[in-house]
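Peer 1: One structure, as structure tokens, below. Some questions next.
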């Protein structure tokens, strides 16, 4: 039986929750307060979305996990192999606004299911491509990016609609834990399958099966339609039945807006703009690290004489396995630490979220710079500082999304997430793997071809990441100047 709804007057501003799905109806004198928490079915839906997010990012990072094998198989240079991940990201980010538009207006379950089916099928097909048709392999990764965009754009908004502010932050944190966990498992899966089967193609035949399971769970457990929470739905709930707020005097329905109107409104939202640029810097760094760190570590080990040069197709995959494990561990710790720090510091500082993001970006940049400097002399220290760098980067994942969800009005959230994906990937990890590879290749061409210069060229090109990370910290500091005003505007 549903608990009776208690009607109470508007609380003072300092007692209000902030968050996209906790927005208050300011037009009327009453709000609804229900004593009933999230149902088990809502947690089940969130679990399905988290599992699909895990598979999503496993598929994303299969290529970096076996990059040396793919490079030798297709005979690609550093710039070309960097372009492989760039093609994936470009297609991903260009498709995101389309799915954001569709997600705000049409059935989200159908869009998610179609996306999972599409990217799983293309990934399976790419495992059968001959070395003579490398351009088809590039094309297949682009198509996988399109399918992935459908999920990444829409899934967070469903979780935001299922839970109120307190639970929402927790569930989003759990959802985003699966970004680094899935990324790390992608490395482990790719390197492990290549080592077990002595054929890297098998790495592309596991995630489609897991994706098929995610599709079945989505069809069986996620309802055909999920309730979108907006200001108009902050209505009176009596005996579990939600009455639209527009039925009450003084409360009006939310007017529908065009996509262009949504974009113009978001462009005026300073917190959204600066936090998106901060996320762009994060994406730039994580994209470059995710693609090139195993190769960088391998070249450092060759220079130190720890491992022999890889001159044939089957290469040592231990660096990918270790880096994958680091990514999983630091990702879990970082997301949990970021969410907990945000939860505690919000009580004493309304600007806590962007300040947490700025601090973590500055510390991460310092750790990554130190890792680059010690790589030629001490591999263990390099792994340690890379781990700390990834740990502080991971602190921001859930916090940045939470910022978006409470500074943007709910009816524009899918569009806002899609535009954030577009900008962060266009200026971030769409170009960073290619840029790092191109700089490395250019440095090698101007010097004597040797294993030493092969390492130095990658080391020098990676310094760009430390600089971009510092810029990202600055963008989050700028976000803190506008966060309170934009949050209040979204609530209105």
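Glycine too: its Cβ is placed from the backbone N, Cα and C atoms.
On a predicted model such as this, the values are computed, not experimentally measured, just so you know.
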Peer 1: Of the ranges 21-42, 175-196, which one does TrEMBL flag as transmembrane segment?
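Peer 2: Residues 175-196 are the ones TrEMBL records as transmembrane segment.
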Peer 1: Cβ under 8 Å, sequence separation of at least 6 from the ends of the transmembrane segment (380-405): give me the contacting residues as numbers and ranges.
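Peer 2: Distant Cβ neighbours of the transmembrane segment (380-405) are 19-21, 156, 160, 168-169, 172-173, 175-177, 179-180, 271-272, 275-276, 278-279, 282, 285-286, 289, 293, 297, 300, 322-323, 326-327, 329-331, 333-335, 337-339, 341-342, 353-354, 356-357, 360-361, 363-365, 367-368, 370-371, 374, 413, 416-417, 420, 479, 483.
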Peer 1: Assess whether the transmembrane segment (43-63) lies in contact with the transmembrane segment (142-163), where contact requires at least three Cβ pairs under 8 Å among residues 6 or more apart in sequence.
Peer 2: yes
Peer 1: Per the 3+ Cβ pairs under 8 Å rule, pairs at least 6 apart in sequence, do the transmembrane segment (460-483) and the transmembrane segment (272-293) touch?
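Peer 2: The answer is yes, given that the two segments have at least 3 Cβ pairs within the 8 Å cut-off.
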Peer 1: What else in the chain is close to the transmembrane segment (272-293), if you only count residues 6 or more beyond its ends and a Cβ gap under 8 Å?
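Peer 2: For the transmembrane segment (272-293), the sequence-distant neighbours (Cβ-Cβ under 8 Å, at least 6 residues beyond its ends) are 61, 64, 67, 82, 85, 89, 183, 266, 319, 323, 327, 354, 357-358, 361, 364-365, 368, 386, 389-390, 393, 396, 400, 403-404, 407-408, 416, 419-420, 423-425, 427-433, 435-437, 458, 462, 464-465, 468-469, 471-473, 475-476, 478-479, 482, 486.
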Peer 1: May I ask for the residues of the chain that lie six or more residues beyond the transmembrane segment (354-374) and have a Cβ under 8 Å from a Cβ within it?
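Peer 2: Long-range Cβ neighbours of the transmembrane segment (354-374): 271, 274-275, 278, 281-282, 285, 289, 338, 341-342, 345, 381-382, 384-386, 388-393, 395-396, 399-400, 403, 459, 462-463, 465-467, 469-470, 472-474, 476-477, 479-480, 483.
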Peer 1: Give the one range among 110-136, 142-163, 321-342 whose Cβ atoms make the most pairs under 8 Å with those of the transmembrane segment (417-440).
Peer 2: 142-163
